[in-house]
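Worksheet: one structure, shown below.
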Amino acid sequence: MEKFRVHGPYKLSGTVDISGAKNAALPILFATILAEEPISLTNVPDLKDVDTTFKILRKLGVVIERDANGVVQIDASHIQHYVAPYELVKTMRASIWALAPLVARFHQGQVSLPGGCTIGARPVDMHITSLEKMGAIIELDEGYVKATANGRLQGARIYMDKVSVGATLSVMMAATLAEGSTIIENAAREPEIVDTAHFLNAMGAEISGAGTDTITIKGKERLTGCQHHIVADRIETGTFLVAAAISGGKITCQGTKADTLDAVIEKLREAGMEVTVTENSITLDTKGQRPKAVNIRTMPHPGFPTDMQAQFTLLNAVAEGTSRITETIFENRFMHIPELNRMGAKAEIEGNTAICQGVEQLKPAEVMATDLRASISLVLAGCIASGETIVDRIYHIDRGYEHIEEKLRRIGAKIERFRESASSAE
């Protein structure tokens, strides 16, 4: 199993080119199933989850070509299979997004119940009940969700009992080829939903209201080819801003938009960081100052993103003062805290809240990653700890951060990937 060896403490400073957003690329890739003509996508990140999505699409009969510049050509005009198999789906919960476009275009689809990060219950119930309201017939059989429809899906008014990014995207995809109009109420508002809507509209869909809590989709009989540029990854952006903030550095994130990160930037400024923005970049300068502790409460967009909670837990671990970090989106998303405590952090978990008393210096340790965002916080902790830190189970990082060690080295980190031999693991 691969691990990272990280040496510290080092100041992390420089310029980082931000990759395309994983959380936009995945639904957009699955949405290509809807198109009867070829699609061209740019700024597609090179990630394990993207590779898994390619494998699922190819299993369905989609033709995919990718060049060295991240341009992906996709042709879904000759899909002949309608099953996303367990051996691929088990590693990635986003695989459920294959179901809606399959049943919308081909009136049938099967997806194995998905896997992914182990951070609490992420049921697919809202995906299923929404499709049923649009006329799909759903069966759960031997670990598979099977959806069929007698002809086109029907437009419907769908109220989301809980704000759900995944279910909002599923309904939006399904509704593009449904008969009549669909209205999603209490819809998620994330920037990745807006980007997916832009992509679908470029294919000929008619979607309005994306980015608000009410989205309207007027169904079309067919969708065509298009070109689309994947939006920049706001979570990668926020992660590198935190990297500078905890290490006394100065960093510029290029090719990214500040308006997708308002809550994060506000908290960084509250922590005493100087943050300046341009149309396509964000710069954070610590001025050599230790961050001040900030209280965090995760919320659906435009609130503070749950995918930045682990990084800000680390920031608060080395900040001046005491903070409260409340996680309202997912269960079990504090699994990084015991690992940070092994490195000398002082954090206690009380229900869905962590109380963190900042320390001046972290210590090196052997730690284990438990999910994507927790794992990057442990790597960054190693960058500022005094000595050598080993981070195990780094496959989580490869699911969501493109070329992470190369990018970290460019801003001053001392990090290497290695594979522990079987004999040394015994």
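All residue numbers here begin at 1 and follow the chain in the order shown.
Including glycine, each Cβ sits where the backbone N, Cα and C put it.
Remember, it's a predicted structure, so these values are computed and weren't measured experimentally.
Feature annotation from Swiss-Prot assigns active site, proton donor to C117.
Packing around N23 (phosphoenolpyruvate binding site) is summarised by its Cβ count: 26 other Cβ atoms lie within 10 angstroms of its Cβ, all protein chains included. If you look up Swiss-Prot, you'll see K22, N23 marked as phosphoenolpyruvate binding site, on the strength of sequence analysis.
Annotated UDP-N-acetyl-alpha-D-glucosamine binding site per Swiss-Prot: R93, K162, V163, S164, V165, D307, I329, in sequence order, evidence recorded as sequence analysis. A coil conformation is recorded for K162 (UDP-N-acetyl-alpha-D-glucosamine binding site) in the three-state DSSP classification, outside any helix or strand.
Under the heading 2-(S-cysteinyl)pyruvic acid O-phosphothioketal, Swiss-Prot lists C117, citing sequence analysis as support.
The binding-site residues recorded for this entry are V163, V165, I329, and the Cα of V165 lies nearest to that of K22 (phosphoenolpyruvate binding site). Cα of K162 (UDP-N-acetyl-alpha-D-glucosamine binding site) to Cα of N23 (phosphoenolpyruvate binding site): a span of 19 Å. Long-range C-beta contacts of D307 (UDP-N-acetyl-alpha-D-glucosamine binding site), restricted to its own chain and to partners at least six residues apart, with a cutoff below 8 Å, comprise N23, I235, R373.
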